[in-house]
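**Student:** First the structure, then my questions, so here it is.
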Amino acid sequence: MSGARTAPALFFLGCSALALGVSSASQEHREAEYYVAAVYEHPSVLSPNPLELVSRQEALELMKQNLDVYEQQVMAAAQKGVQIIVFPEDGIHGFNFTRTSIYPFLDFMPSPKLVRWNPCLEPFRFNDTEVLQRLSCMAIKGGMFLVANLGTKQPCLSSDPGCPQDGRYQFNTNVVFSDNGTLVDRYRKHNLYFEAAFDTPANVDLITFDTPFAGKFGVFTCFDILFFDPAVRLLRDFEVKHIVYPTAWMNQLPLLAAIEIQKAFATAFGVNVLAANIHHPTLGMTGSGIHTPLKSFWYHDMDDPKGHLIIAQVATNPQGLTGTGNTTSEMDPSHRKFLKILSGDPYCEKDAQEVHCDEAAKWNVNVPPTFHSEMMYDNFTLVPVWGTEGHLQVCSNSLCCHLLYERPTLSKELYALGVFDGLHTVHGTYYIQTCALVKCGGLGFDTCGQEITEAEGLFDFHLWGNFSTLYIFPLFLTSGMTLDTPDQLGWENDHYFLRKRGLSSGLVTAALYGRLYERK
């Protein structure tokens, strides 16, 4: 998505600023309800040879180029009244290092729980902390909370059974600075994604920090979003309403594009997610956003090599999209039909002359062929979505997925309803249950599951399944890498459903992505 598509974020901020100026009472009220956040998608300067061992000075010179850009963005954000800014994972030092070659890029990291420290005001307290000092000073200059990611080192003793042979731990670390430059806390990434340069902490860091403008925030990084620890545990145990999320995410369509999973997490848990991704389109890395459960301000651009700053007002108390919604008397016919299918009762429609009833078993008059195709490296079972309306079912193991749909017009495209209930084993191992309505890459069944970004097909639909987990992420992507929001989500008769009418652009993906964290 080009930067022009993110203009509503800045426009929303401008309109709100005008509203704030109406009266002092209005201003106090609005400031209590909203805060101003920023995320920066950064096209980082990378080491030309990350496998080569360089000096600390050479490493600092490369990182300075990225930190200079960070400071420019902080000052630009300060002009817009930003109170918290988030920068991406790997944005300062880059990636593809070995354990040895990354060492000159690492800062020493004292524990904020043991040491209260302001690196900008106390620069000589610890050696090898130049990056932390620079970030601390940025927070002071911008007068805002600042979240960034860097590599850190921590010496360990041979008596420590987990101590690596080289006598140090190396961590992929997020740091949080307050607006006065104090190091508030640090989070060490737990779920590493093929990162040989870093160690996994012995214990999961469950990190929250308090702000005067929005209360409590939680912190995690990139691949963590797919796992119970720390992401879900933070929300369950600490009543967190806001997440800061540095990431270096390579887009994987049709189910795990960066903005797609960011938005899904915000919607599933009813929280705000401030997500900053790295910007390297040639590597498939783009997609940042400020996501609330109901609205998103995002950036996705595979063409423009430049970075992008997103600024938006964010509710301090986000409102979620859950529940079964309207009463039966207010429901449209498609939702009444959906409820009848779930209950197994006949569905009746009244015309001018008489009432017509169909048994639930007869609603799916066209039973299309079942086929298999690879999607996201998993062997999905699918059925094609043909015709202007219908009710489809497809099952795998214990999961059955259903689609009740109407189409105002037929496009010259193939869509399919797919199901997968099993262990995902490529680029990570984790158990998923997925119901997915996707546009296929072509007209052949073997193209279903391919990566596509453009679509024309419009649907009004209910998508649901008998999931064995409560942790279900609603993925919703439309043509041109745009995000949409379901009209309704929730449980009905032990089935989880997603409902949508009136798509404004062609459907790329609508999916319910369930995670069974306890199964491995």
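Cβ coordinates come from backbone N, Cα and C, glycine included.
Annotations for this protein, taken from Swiss-Prot, read as follows:
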- E89: active site, proton acceptor (ACT_SITE)
- K189: active site, proton donor (ACT_SITE)
- C222: active site, nucleophile (ACT_SITE)
- 49-333: domain 'CN hydrolase' (DOMAIN)
- N96: N-linked glycosylation site (CARBOHYD)
- N127: N-linked glycosylation site (CARBOHYD)
- N180: N-linked glycosylation site (CARBOHYD)
- N326: N-linked glycosylation site (CARBOHYD)
- N379: N-linked glycosylation site (CARBOHYD)
- N466: N-linked glycosylation site (CARBOHYD)
- 1-21: signal peptide (SIGNAL)
**Student:** Quick one: of N96, N127, N180, N379, N466, which of the glycosylation sites has the smallest count of other CB atoms within 10 A?
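**Tutor:** Taking N96, N127, N180, N379, N466 as the glycosylation sites, the minimal 10 Å Cβ count falls on N127.
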**Student:** Which recorded positions (N96, K189, N379, N466) fall within 10 Å of C222 (active site, nucleophile) by Cα distance?
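**Tutor:** Within 10 Å Cα-Cα: K189.
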**Student:** For E89 (active site, proton acceptor), just give me the three-state DSSP call.
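**Tutor:** SS state of E89 (active site, proton acceptor) = coil.
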**Student:** Given the recorded positions E89, N127, N379, which one's Cα is the least distant from that of K189 (active site, proton donor)?
**Tutor:** E89
**Student:** Along the domain 'CN hydrolase' (49-333), what average pLDDT does this model show?
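**Tutor:** Residues in the domain 'CN hydrolase' (49-333) carry a mean pLDDT of 96 in this prediction.
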**Student:** Count the other Cβ atoms sitting within 10 Å of the Cβ of the residue listed as 'active site, proton donor', across every protein chain shown.
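**Tutor:** Taking all protein chains shown, the residue listed as 'active site, proton donor' has 25 Cβ neighbours within 10 Å.
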**Student:** Rounded to a whole number, how many Å is the Cα of N180 (N-linked glycosylation site) away from the Cα of the residue listed as 'active site, proton acceptor'?
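**Tutor:** Distance between the two Cα atoms comes out at 23 Å.
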**Student:** DSSP three-state call for C222 (active site, nucleophile): helix, strand or coil?
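**Tutor:** Reduced to three states, the DSSP call for C222 (active site, nucleophile) is helix.
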